[in-house]
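> Below you will find the structure I want to go over with you.
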């Protein structure tokens with residue numbers, strides 16, 4: 001369907017372009033613009049992407065996977081958006097109580113819609129910004145506090161829209177979902193101080209907030225609050241039990257490595273899966289301190305479930321069903337006999353969960369990206385797809401007729417009109433996802449810095465674990481062959497999909513005749 005739609009618009013545009021004289025007039029350019037737009041408006045519907053599908057970066061054959069590993073937070077456990085507000089409030093209270101920040105900060109409510117994951121934070125200048133795969137700052141997505149910086153301010157701070165490598169590498173990136181309330185506190189506090197012209201040291205502010213967010217976790221304050229009202233903060237995650245049970249019944253080895261404490265994790269797993277959930281897991285590791293779990297040599301400790309304490313004895317072997325704390329991946333791979341086996345590890349944090357398993361251990365990795373389903377649903381609307389297609393058409397028109405603009409002042413004026421129309425449309429498309437920062441996966445046209453790392457460090461990605469129920473346990477995932485800039489737009493997937501779609505349509509019309517009941 002999508003192929004036929006794009007070909008219809010493209011062929012209309014190409015016919016109009018071919019009929020133009022070598023040097024086009026203003027009237028001719030307007031004719032091409034209007035003809036292409038009418039053709040696009042005549043399209044009734046567009047194809048849809050399944051929000052629950054698994055998307056492929058690198059070929060992955062599940063037949064070769066013997067062992068499945070899982071993170072807990074935001075991978076096995078899916079939290080509600082109320083958790084971010086809880087973290088924000090707990091950390092803000094700690095910031096006021098322990099670091100003596102103004103109590104009036106408590107009157108500023110948490111803005112759930114302000115930030116997205118994957119942003120960079122410039123500590124020195126107190127700027128949250130969205131960066132693409134080429135280290136370029138997307139226009140309109142740099143904020144000091146909650147004030148959008150102008151292009152002139154961005155140029156003054158960074159000398160342009162491209163971050164130098166030495167500058168970009170030094171900026172912390174907010175990569176996991178726990179970082180959203182962190183971004184909220186940063187923005188709220190900076191905005192509060194700026195509005196009141198209160199001077200502060202940006203590095204001290206960042207360190208104070210980082211420490212308060214950390215203490216909310218390490219003191220157990222967050223865990224206790226969640227356990228008091230687990231239904232409010234943890235989704236049931238329908239289909240999770242069925243998926244894990246299917247893997248277990250298929251003879252796969254399952255393990256979990258989480259930074260969370262056992263009591264918290266066990267309560268969540270029991271709430272989602274029932275009290276017998278541990279029968280499906282051979283190895284359980286808590287308080288792992290990732291990413292140091294993948295990089296260091298910390299020894300394992302046996303966790304005593306009755307006393308909730310760590311045993312002092314040395315761990316010399318892994319007993320299936322027992323719970324261990326700390327440790328390191330080298331010893332785990334040895335004790336759990338993972339050497340030479342196909343391992344697929346699931347996690348939500350691209351760096352903490354996926355980087356080392358893929359790059360150092362050669363494991364296959366799968367990213368769980370909860371925001372993905374919401375973004376796809378937004379992309380699936382006819383209005384969004386029509387806007388994207390028209391945006392691409394405008395870009396093509398500007399590229400194709402820029403020479404006429406240099407030779408003819410009337411054409412130049414029209415192309416400037418197109419440029420302004422394109423600018424407004426890009427902004428409209430951006431705000432579909434988030435009014436301040438747009439999509440987590442794209443800038444105006446490039447993939448984001450977050451997307452680049454996602455593509456590099458995960459073989460597949462999806463919005464939630466139960467989505468894999470759609471696929472057999474021996475399913476092979478194949479990446480799409482996308483056209484490179486120097487390759488023909490009639491890339492293999494486009495031709496192949498169109499051909500298969502045509503065959504299926506013809507077969508359906510022969511086997512099941514359509515009956516008009518109107």
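Each residue, glycine too, has its Cβ placed from N, Cα and C.
Below are the features I grabbed from TrEMBL:
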type	residues	note
ACT_SITE	71	active site, nucleophile
ACT_SITE	73	active site, proton donor
BINDING	71, 348	Mg(2+) binding site
BINDING	73	GMP binding site
> Restricting to the same chain and to sequence separations of six or more, state which residues have a Cβ under 8 Å from that of residue 73 (active site, proton donor).
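Counting only residues 6 or more apart in sequence, the Cβ neighbours of residue 73 (active site, proton donor) under 8 Å are 79, 178, 258, 259, 260, 348.
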> What is the number of other Cβ atoms found within 10 Å of the Cβ of residue 348 (Mg(2+) binding site)?
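Neighbour count, Cβ to Cβ under the 10 Å cut-off: 25.
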> Near the Cβ of residue 71 (active site, nucleophile), how many other Cβ atoms are there if near means within 10 Å?
24
> By the DSSP assignment reduced to helix, strand and coil, which category contains residue 71 (active site, nucleophile)?
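Assignment for residue 71 (active site, nucleophile) reads coil.
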